[in-house]
Structures are given as C-alpha cells and as structure tokens.
Amino acid sequence: MFNNNEGLYINGSWFPAHNQATFDSENPATGKVVGVVPEATPQQIEDAVQAAHKARISWGKIPGPERAQYLQLASKEFEHSKDEIINLLIAETGSTFGKAMFELDFTVQFLKAASADYRFGNGEVFPSEDGTLSYTTRRPLGVVVCISPWNVPLILSMKKIVGALIAGNTVILKPSEESSLIAMKIAQVFAAINLPPGVFNLVTGHGDVGQALIAHPLTKAVSFTGSTATGKKIAAQAGGLLKKCILELGGKDAVIILQDIDIDFAVNATIFSGLFHQGQTCMSAERILVESSIADKFIEKLVQKAKSLKMGDPSDHSVEIGPMMSKRQLQIVEDHVDDAKKNGAQILCGGETTNGIFYPPTVLTGVTRNMKVFRDETFGPLLPVLTFDTLDEAIEMANDSEYGLSGGVLTDNLEKAFYITNQLDTGMVHIGNGSVLDDPIDCAFGGIKNSGMGRESGKHSYETLTELKWITVHHQKPVFPF
Ligand code: NAD
C-alpha cells in the first residue's frame, strides 16, 4: 500500500520515515503495527509552509472550473482505490466494514458535489445613489492549516481540504497521530491526479506540529475538528494571531423520543446514533430522553437489540461493534460507567470490558444529571436513558449541557417536533431521525456552545475560507470637504 519512500508529502514530493523520528500506527483490534509514520521536523514544517505559500498564487488564479476538475479526478481516484481504503480504515481505526464503506462513499459524493462550490465566489453589488459601482469580491486566504481527528479520518480531513482548495487556498494537512496512514492515502490520491506541487501538503506528527503550523506567519487560517479541550487551545492561539479559525468540537447529543413514535423505529434510530463506530462520533446520541409512558417498552426493546449486535475484530465484515480506538478511550468509558454505578445507575446490558479493548453496547437507567454519563462526552457505546413527562421538561434536560452539537426528535407529531427543535440549543437537529447525520451534497454542519464555532460544507466553508473585499468605482469625481 505504501512504499518505503512514502511518508510526508511536501511540494509534490514524498519524504520517507527513515533518518528521522517515527511512531507506529497500530490496529486497535489486534495491537499489530499497521505502518510507521514520520514525526515532521521543524525544517519539514517550514518547507511545507513555504511550498504552500508559493503555490497559493498560481492555484488561486486558475479558474474555478479547473480546480473543480482536479476534485472530480480525485473522486474517481478514491473510487478506484475503494477496497484498499476500506481495508485501511478497518485496520488503522477499528472501523466496521459498514462504517468504512460509508466514509469512502461519502467522500466520493462529497468531492463531486463540492467541485461546484467555486460558484460561491460571487460577490454582491450594493445600491448606489450617484452611479458609483460598489461591490464585493471573494479572495482566497492563502495557506490553510487543516487539523483532523482519528474517528472519521477520511471524511473529516477531506471536508477541510476540499473546502479550502475549491476556494483557491493551498493546504497543509496535520492528521491525528492515530490515523496518519489514512492521511498518507489522501496524499497518494493527490499525487496520482498530479495536483500541482505545494497545493496539498501532508505533515504528520503530534499536537506540537499543529501548534507550529498555526504559529507560522505565512499560514492564514486553521480549520480544526477534534476535542473541545484542544479546540480551546487552538482558538486561543489563533485568536492571539488574529487568524481565522473554524472549530468542530465535541458533543453530548440528546435524542428525544415521544410516546406516539413507532417503538421499533425509535430503537433502531437510537441504536444507530448511539453505537455507530462504537459511539465514537461527535454526534453520538449520548443522552436518550424517553417519554415516561413508553419508557418500559422502549427500554426492553433497546436492551434486546443492543445485546443482539455482533462485536469483534472488524476484519470480519459481519461485525457491527468493533474495538475502542485506544486504551485511553476505553478508560473514559469505564470511568463513566463506574461513576454511574457508584451514583445509583442500573446497567441493563454490557458494562464490562471484553478481550482487552472491546466494550459492549451498554444500556443504563436510573441516570441522574450529576453523573459523568449525563455531563461529559463519553465517546463510547453507552446508552444512558432518562425519562420525562412534559415537552418542556425534555427541552430543559436536553439543554442542560455545556455542549450543543446535534440532536434528534423522534415523533410523528410535527407540531410537537417544531416546539422542541425551535428551543434546542444545538447547531443541528433532526426531526424523525437520530442525532448522527451529515450530507455530502450540502448542509450547514457545526455546533454551538462547547461544540464549536462556524459551519462546514458548501457556501459556509467557502465564506469562512475566503476574504471579502469591498471595491468601489467612481464615475463622477467625488467632491471633498477640504
Ligand atoms: P484531539 O483534540 O485529541 O486531536 C485532534 C487533532 O488535534 C489531532 O490531529 C491532534 O494531533 C491535534 N492537536 C492536539 N493538540 C494540538 C494543539 N495544541 N495544536 C494543534 N493541534 C493539536 O481529538 P481526537 O481525540 O483526535 O478526536 C476526538 C474528538 O473530536 C472528540 O471530542 C469528538 O467529539 C471530536 N470530533 C468533533 C467533530 C465535529 O464535527 N464536531 C467530528 C469528529 C470528532
């Protein structure tokens, strides 16, 4: 998949892992090393920034439809490498086959759709009393630093890269240290389509590499997806330098289930939103709020379904629940369950680590708001269920969180659905669905409160990653007061 010369990708050339510090990327299910990743040196960071800075002039000037052609080519190349990428997502990040397929298909569709986004480059013309032409244009920012997490590494890296490229910027990708091989595959795709040197660059390494990229005077913006703790550090660093930043951060999403809904459908929606990628997605349903009158029946069926899912090494494509990404991630889950038990919650299924790194779907009842499972992001396969009697109680409970990413409202009663959604403090909410949803064609992805700042996709990425310029043209000579 990778030859020995491949590692960092700077200015259209590969820089191999030998002769410098490296770290291993491991298969979470087996602990086996999947590949070796170079830790970028300060000189390589400098080289990547200089290359991207130089390339920004010609890339920013080529017509939008030509930039679009590169993205169309990349989409074909991803399709061409489908099996290889799916296997890598399974091996490097513990993705199940279904989740890996979803990532690949979404990326292909996203590239096709986003290639038309150069059309968002339109400015606006302002009304003028004296015939002055007064208008705005949009210009690329220059070098954009894209920093991505490990959980959905292909989609989340590509959303940032593509949003920046189509707007005429050049990119340096700093992927998570836990999913750097996927990022190397992205670099292979851009190399294969002959994207001009310096337009896309990959520097791998840990958090300090990201920090150095943001600090560099020639980088102009940072597009970040990751934890709230890191996002706050990045916001402080970028803010001090007056660099634009877009932040997609953590979540503690609620799914609200009303008594009129078909219970089997509600169970399926909850299971998907709570357990997709072992609950390791920012939009995971981490608080399940059920109307009291159907709670017993709903919980019984939820437990039944949770117990029926197949858990194991996802190299077996029939597996539905794969490994936790790391011991660190597993310990958070164990800590949240211990805390819930200590404070009086009941564990109806799951609740114990299996085979070292696997954590089974776990349904908790008797959950109270002081518990970590209610307050903190778990990022694991826990389904804490709470009940409510009135819509206002459900809304107040859902809003009782430092986070505000997504949410789901499961009811067929649209009047009640709008009453709830209009009052939820979240950046996204889905009626008739769970909390986990994204759209490759277009949407306004993002959160509020501790879930982030700014929106990604389509015109939202375009507007964030360009600068507005106001221009006037005076047909009559202005009269000056002195
Ligand atoms: P993380 O914050 O630990 O790391 C994310 C990236 O930031 C990595 O590439 C890391 O190397 C880099 N980084 C770390 N410290 C840095 C620093 N000081 N400066 C610059 N870069 C730095 O997050 P993670 O564990 O990789 O991802 C999981 C988190 O991401 C969860 O909290 C999840 O909710 C969140 N997430 C959010 C979204 C969203 O769209 N809102 C999507 C996916 C994941």
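Using the three backbone atoms N, Cα and C, a Cβ is placed for every residue, glycine included.
In the three-state DSSP classification, E248 (active site) falls within a strand. Per TrEMBL, active site is recorded for E248.
What TrEMBL records for 15-471 is domain 'Aldehyde dehydrogenase'. Mean per-residue pLDDT, taken over the domain 'Aldehyde dehydrogenase' (15-471), amounts to 97.
Counting only same-chain residues six or more apart in sequence, the Cβ atoms lying under 8 angstroms from the Cβ of E248 (active site) belong to L156, F224, T225, G226, C282, F445, G446, G447, S451, G452, G454, E456.
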